[in-house]
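Scroll down for the structure; my scribbles are underneath it.
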Amino acid sequence: MDDFAEGGLSLADDILLEDYPYEDDCICTPDFTTDDYVRVTQLYYEGVGMQYKDYAQSEKNLEYDICNIWCSKPLSILQDYCDAIKLYIFWPLLFQHQHSSIISRLHPCVEAIRSRAAEISLKKLQHLELMEDIVDLAKKVANDSFLIEGLLKIGYKIENKILAMEDALNWIKYTGDVTILPKLGSVDNCWPMLSIFFTEYKYHITRVVTENCNLLEEFRRHSCMQCVKQGELMKMRGNEEFSKEKFEIAVIYYTRAIEYRPENHLLYGNRALCFLRMGQFRNALSDGKRAIVLKNTWPKGHYRYCDALCMLGEYDWALQANIKAQKLCKNDPEGIKDLIQQHVKLQKQIEDLQGRTSNKNPIKAFYESRAYIPRNSSAPAFRTSLNFVETERGFRKTKYKMANGGDQNQKVADEALKGDDCDCHPEFLPPPSQPPRHKGKQKSRNNESEKPSFNSEVSLQVDLKSILEKQFSKSSRAAHQDFANIMKMLRSLIQDGYTALLEQRCRSAAQAFTELLNGLDPQKIKQLNLAMINYVLVVYGLAVSLLGIGRPEELSEAENQFKRIIEHYPNEGLDCLAYCGIGKVYLKKNRFLEALNHFEKAKTLISRLPGILTWPTSNVIIEESKPEKVKVMLEKFVEECKFPPVPDAVCCYQKCRGYSKIQIYLTDPDFKGFIRISCCQYCKVEFHMNCWKKLKTTTFNDKIDKDFLQGICLTPDCEGIISKIIIYSSGGQVKCEFEHKVIKEKVPSRPVLKQKCSSLEKLRLKEDKKLKRKIQKQEAKKLAQERMEEDLRESNPPKNEEPEETSDSAQRCQFLDDRILQCIKQNADKIKSVVLNTSTLLKELLSWKVLSTEDYTTCFSSKNFVHEAVDYVIGHLIQEKNRVKTRIFLHVLSELKELDPKLAPWIQRLNSFGLDAIGPFFTRYGASLKELDFHVVTVLWDEKYGHKLGSIEGKQLDYFFEPASAMEARCLIWLLEEHRDKFPALHSALDEFFDIMDSRCTVLRKQDSDEMPFGCIKVKNKGKKKKPKDSKPMLVGSGAASVAPSSEAVTPEDHSRRNSDSAGPFAVPDHLRQDVEEFEALYDQHSSEYVVRNKKLWDINPKQKCSTLYDYFSQLLEEHGPLDMSDRMFSEEYEFFPEETRQILEKAGGLKSFLLGCPRFVVIDNCIALKKVASRLKKKRKKKNMKAKVEDISKTGEYLRVKLPLNPTAREFQPDVKSEALSEDVKSIPGPADSSTLAAEDLKAQLDSDSSSGSASEDSRLEVASPDSPTPLCEDASPSPTPAPEEAKPTYWAQSHLVTGFCTYLPFQGFGITQRPAYINMVPSLSQFTSIYTPLANISSEYPMQRSMPVVPSFVASNRADENAAAYFESPNLNTEHDSGDHMASETQILEDTLGVCVRSQGSAADADPALSEPEGNSEHSGSSDSLWEASLENVSGTTDAPAAPSVAIQVSRSMVHQEVNTEPYEPFETQQGDLSQKEKECHLLREQLKVACENCEQIELRSSQEIKDLEEKLQRHTEENKISKTELDWFLQDLDREIKKWQQEKKEIQERLKALKKKIKKVINTSEMSAQKNDGFDKECEPHPDQSLGFSSALTDEKTKAEESVRKGKELYEESHQRAVAAEVSVLENWKEREVCKLQGVASQSEAYLKSLKLMSSDSATYPDVEYDILSWESFLSTVREEIESKKSQFEEHIKAIKNGSRLSDLSSVQLSEVSFPGCSTIHPQFLSESSGHEDPGLVACVDSMTGAVLNDPYMDSASGCPEEVPELSLGSPTHQPEVTQQLELKGASQVSPSEQSPEADEKLSGQATRSSQSPKKPSNSIIEHLSVIFPCYTSTELAGFIKKVRNKTKNSFSGLTIEEIVEKVTEHIVDEQKKKKPNPGKDKKTSEAHSAASVAKSSQSPPLAAAGPSARTKGQKKDDVPAPDGNSCEICHEIFKSKNMRVLKCGHKFHKGCFKQWLKGQSTCPTCGSSDLLSEE
């Protein structure tokens, strides 16, 4: 497995790659499948399930219990169980062999599973998907006890051979999925599917419940660790093979990995991807389905499954599967993007294929469509969803492999993919091509006639191979490389554009999009694989960028771009965004009306959006394309346009053209400033600066702006003088201002004349009306009061006279929005006591689905089930606050038979409210209900109430309007309320039903004066001057308040009388008379109370002036908070003050000193603020500091309390005679020291008194009771005009008078108290004398108190509504959020020990109120010393001295409090009684606190007096109303004047227009007469012209004929020249072909000759041992040359065909001319050559000599540019087939490297060949000659011997001590020197060049293998111009690489350094390399 390679596959592996049959072997006959599952169930029943059988026989209701236990589990766990059961059901169908045993289900690694991929037919796949839909039903209703119980029953029947077909179909119907039943009907036999589903689910649910089996863990334990490791290893190898494009091998590895880990969905997904590449779409479909079943939330599995369906032609099926996948994978944002893209692609494919059919095989069509795509194409494919697939990946690029069955696989080139990693996450790709067919027109794939034959497949493959090979040319790669660069640039520009747009860099974005649009042609957009919508999105991006810039020019261009989208691209679906963009443009221009029109159009086009779009070539989503976001944005814009801001100015120029609007805003894009001209009559005339300049030029002769001062106002009919001119600059600032003060004469105001009644009859009518109104008001109040009392009596059930009801229970009641739920909560204990059968109630609530199965199980699991069930249900209702469930609970209560008769009428009365409200509701909203989709309502009804009230299928909405269907009608309203999100039009109607109709209540306005109107504040009496006081709403009971209809209708006679008697400047119309009277009465009332501008009142009462100013500034500071004296508010308001007010402020020394003269104002940080605001700020700071101190002290105190031992002998532990009484939340005031008791009579009188003075003060008092009466600790606080201090302020004040026993809603206004709902609670049944004061030690802790209080008065105001008395105080130092409950048990200790409250315990428990006795202590309330210290310190500022009472504090244990007083010592702090009360530290601390409290008492009194003043100031709020009414009157008069002036102006304008029109008519008449005369003259002149036109037309016709003739001749000439050009190009290509073929044939002939000579020499193997090896090399070389000849011929023929088809020679790619090198062979010994020269051809010897010395190059193969010689590329054959050529190339490359750069491997190869060529012993001279013959093949052995002799003579006949290499080097240098001395000879240039080149190589190579690997030598016929340099990048003289451009290139092509060439020219005048004398060169 480790060394896995091609050719090494085993037989088993080959079998895996075979073509699998189409027939599916996993779903066979239904009988067998059913038997398989029934056998599984029987096995369970015979073994493990036998106990369940026996138990089922003994217990009939076992399914119900199993169902309850199953449904009691969390929903998430149940859904996981359902997924596991689904795997168990599908395991035999998709993953396992048919005949596998039951053991293999539990141990997949033991038995062989179906790892081998099997195809699934489309019919079988339909059955599988239907089965999957049925199985998924159970997951939807996993926690529905009704349906799960039915499932278990059906499974039980099937297992017992009972036919339950009808039950099964009904079960599926009740689940609500209406799509499955038609599918089941289309299946021939659906019973096997249903039996499998119900039996398997019943089997597994029973296992989970009875055996406590965890299906998830059981499924995960199937694979052992070894299997997991092996599977992971196989997967990694498969990933590697996939990245290498070896998909067949990757399939084998993935298959083996699946054998080890069959539950891994990634493996099936990877294998499906491989099958897609291989073209095996059915196998891919099977694996995709398996991956989905294993994990249905994996997006890639769904993607590949849809791809396989698409490749099979099932486009609609694939689209439906994609929609289902998006719903399942909605929590995966990355995966959902790819699925959305696939969805768009499928939709477009279906649209493209509409109306077109094809009978081709889809795979064959796929090959044909992809045949002409080049293999190595790098052009990226653009995704349909506008996402560009990046081709620059870190992995190797892979290609698609497609096959038409079995192992006949064909590679089809496509875009490269990113290889899978360990878990194999390749990118999603669209299929490479789609067959042009549609699902509706295709036949079954199983049709054998459609399968192509094997011969057709072979021919198809051969054609495809030839086509692909033709495309693998250099030009093709270059073209696609250019395409890739273009797309890269495109992506870069788009990314720059949208990135800049997201970063608000609009100019950069506009630049990028503009550059992009300039380069894109919409007509050629498809050539870039882009859709037209991509181009439109680029246009949209440019428009948005220009819009963001916001300048006028850019806005106009943006508007044009948006209009371009609408006009030219309406089919792309972006009209909505375009209209929205135009609206934004107009909104930027502040043209709100035009913007509103476009926004409205955009709202209507939201549905046309194509979906969520992304920027082209990216994954970045365009946020505006989200429909929900567009909708919200448009609604916001529409709201802004409907209510535009007030313009800063309005241009009055009649010819204003400022962006088609006269409104001037500072935010206008073209805003350039404006001018405002004001006159003394308060006229304001404004102009654009451009309009003002035009007006001055045309009307005022360019008058200077300043000269307009003191001129006449520009307003028509205004006689005022211009007094002020303000010019605003383009920045909105005041540029310059001119002002001239005009003293306006004060005209006395015209007195208001009241119309007096002219007759006594009218006076009598008025008095009668007043009397009637008063009587009606009193009757309405009385009626409302009676109904309120009646309803409250009904809402309060009969009481069982239980005086022990605790007052703390009232404090637990919170105010709820639902009044029915509030009533149930208040009477929870009564309801609990009357419900006798709790189990029946719970079952009914469970059936009505008020309680879930989990809640029902929780109730039953409780030990105290009977007593706590009702409490649990009510608490559950309060927690959910569901109005429907509350009323269902009330309905169930009313239907119970076993109910206490005392409470039954009350419950039935509450329940009947809803039934009574049905009629009015349907009468009012019947039309809206009839517009509903009743089919949807029917489905919802069957789901919710079908099992209780029956189905309403077949009925109409009119059925609910019948009186007999009141219950069903109410249930219908309940159903609409529960699904109100689906019926948005009924929200208000449903709220009205539940808030008003169903829970009857009336909100009345409580008036302090009985003479004021009751319903609303409407003043109809002119003479009534008294202002009504602030109304206080009062919540009363059931019933609707009705006011008697007013009988004020005026008869027509009265109207006539009024009209006749009316006096005044004008008569008021009848329809306005009543409104005018009301307005005048209201105005007279306000003006009579506060006359601001009445000088007499100002002079009479100067204090009232100051008081009014103080009120005004108080209101200003209340609205805006503390303000700086330099604030703009003061300066602006001061400008409008009258002169008298300014004088008052100037006398006081300014505004600041004036305000400080009033105690209401203070200065804080140079800001004026109200004193009460300052006190709040100080208290907040003080509170923060105090809390910090409390925390520190509490920590220290806790440490001292716990860690430090107490000293019992200390002085502080002695009993203290005077104990301080403190309350945590209520402060006490000093009282007489000798008053130790208070009589009950005084107490009663104090309670009954209505006075706010006397004994009741603003602070609560602490009293000490007599020993024989209950100890009063705190007296109830009565209302006072001064507010309570913040430290001990009651949240709601108690009323001083008694009220009846009902709940009243009293929001308190004023007094600085937070306004929250308050309720006056009272217990009428309790005595006022026995329950007012409660002993502190006996306060019950059953209900946790909201505040730590030592007293619970019986009658106070609180925010709790109950029939019992309760007190609720709020202190700012306590956090109300932590009120409930964890410190109640410690409150007694805190109050006794820490605060020192003196408590006199009762003698026995009987003396105390039994209802207040404390039950068993709660352990969770165990002590808190932190709360002790905190409570003691929070009220430091609020404590005062209290009268002392001699007592001994007693420590009470927490566990003993509820029984009686515990007098035992408390260990370990107490050894005897009273020790703990003498704590040293606490007493000292309390004394300090008392001192501080006494010192702060005076400050508190001052503060309270200040607050009293604040309350008095609040009574003067009518000043504000006076100002408002006066302002409104002024506005009314101004509007009237403005309208009159406007009418007058319009009248003048109309008259002027009329005059202008008359003048214009006269002018038109005159001009018409003149034009008629001119026309007569023109007619006379034009009469001869028609004759002349005939001559012109004939001349033009002749010219046209000549032009057409010349065009025809030109076309003929063009055709002839084109044919000649084609013939010429064809002849050129034929000549090139002949030349190349001749070259190769020459090489072939030479090779044949040499091969022939080698064969002749093969007889003498001793002399030439390697002759056989050389013969084989030359034969291989000869065959290669012949193949190359054929290849060149075919290439030239293709080019000739292309030329004939219309292509141009310049556009075609040139034929690659590869150089052919002879193979390297061993050198023939000179002896052999000399011996054979006598009987061999001399030419042959020369040929052999030249070929063995160097590689032969044909002269025709040399390039014309003289480029340096390189190693030739061989395009024929592969390295494995031609080892000789590879060896030759390696040796040649090694020989061209310097000795220092040669590698050891090259040396080894060279030395190896040298040893092979020199195996026989040789003489040194022969070896030297042999070396030299290789270097200088042009010299004979005799000539070389002569050179050796010359060198020996120079060295004085001594070669001793020199090696052969050194001798060869010296001889080589001598030969080169000899050649340089000779003159250049054209006939010998070749030999000189060869010698020089050979010498250079010899110098650079010192090793013996030079004999076998010398440099390339030229043939004798080679030209000197074609001799290349050794290296094109190095100097020919010094052989150094050119590092700069300082070089010289000769005409012959050789290159030299300029310095080297200058040195050479000093002694020579020829080319150093070729000896050319032509030295003309080019730089």
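Cβ atoms are placed via backbone N, Cα and C, with glycine included.
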Among 824-864, 1603-1643, 1931-1971, indicate the range for which Swiss-Prot gives the feature zinc finger. 1931-1971
If you check Swiss-Prot, which of Ser1280, Ser1774, Ser1794 turns up marked as phosphoserine? Ser1794
Record (Swiss-Prot) lists phosphoserine for one of Ser795, Ser1060, Ser1253, Ser1796, namely Ser1060
Would you mind telling me which one of Ser1009, Ser1031, Ser1823 Swiss-Prot calls phosphoserine? Ser1009
Are there residues at least 6 beyond the ends of the repeat 'TPR 4' (576-609) whose Cβ is under 8 Å from a Cβ of it, and what are they? 540, 543-544, 547, 550, 555, 558-559, 562-563, 565-566, 624-625, 627, 630-631, 633-635, 637-638, 640-642, 644, 647, 659-661, 663, 665, 667-670
DSSP says what for the repeat 'TPR 1' (231-264): how many helix, strand, coil residues? 27 helix, 0 strand, 7 coil
Helix, strand and coil residue totals from DSSP for the region 'Disordered' (1574-1601) stand at 26 helix, 0 strand, 2 coil
What is the pLDDT of the region 'Interaction with POLG' (1-230) when averaged and given as a whole number? 66
When the repeat 'TPR 3' (536-572) is classified with DSSP, how many of its residues are helical, how many are strand and how many are coil? 34 helix, 0 strand, 3 coil
Where DSSP helix means H, G or I and strand means E or B, what are the helix, strand and coil counts for the repeat 'TPR 4' (576-609)? 29 helix, 0 strand, 5 coil
